[in-house]
Amino acid sequence: IVGGSVGGGGGSGGAHRGKRADVSGPTGLSLLVRNISQDIQTEDLREAFSRVGDVRDVYIPRDYHSQQPKGFAFIEFATHEQAREARDEMDNFVMRNRQLEVVFAQERRKTPNEMRGRVVDGDEEDNRNHGNHGNHGNHGN
């Protein structure tokens, strides 16, 4: 509340809430839905899952080059309890002739900028460990 990030920037707020929920089960409020049909739309998933709870976000990742859906989706709920109930009710649910697999997502959905920079997170350490040592080894040969 002090930083004013209650509105749109809930990245760090979500992380704290996720750690808190970790005591009773998997982290977070988001579900990973596998085996979705290629022609399914976010509205279809929102409609199906909103019967169980307050759906905050639906995201269907697409291949960067082809723009085709990757066959899975992330659905974020308002509360951990709603997410748990949705997982229990919607796991093995058949939608468009496909049996859905619904599990808790390991992490919150990443923004496009986070996806572009995802290598950077581990790169700093890799450059320190491998970059210097690797270059010395190459110069020696």
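The backbone N, Cα and C atoms fix where each Cβ goes, and this holds for glycine too.
Here is what TrEMBL says about this protein:
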type     : residues : note
COMPBIAS : 1-15     : compositional bias 'Gly residues'
COMPBIAS : 106-121  : compositional bias 'Basic and acidic residues'
DOMAIN   : 29-107   : domain 'RRM'
REGION   : 1-26     : region 'Disordered'
REGION   : 105-141  : region 'Disordered'
By DSSP assignment, list the helix, strand and coil residue numbers for the domain 'RRM' (29-107), in that order.
19 helix, 26 strand, 34 coil
Check the domain 'RRM' (29-107) for me and report the mean pLDDT.
95
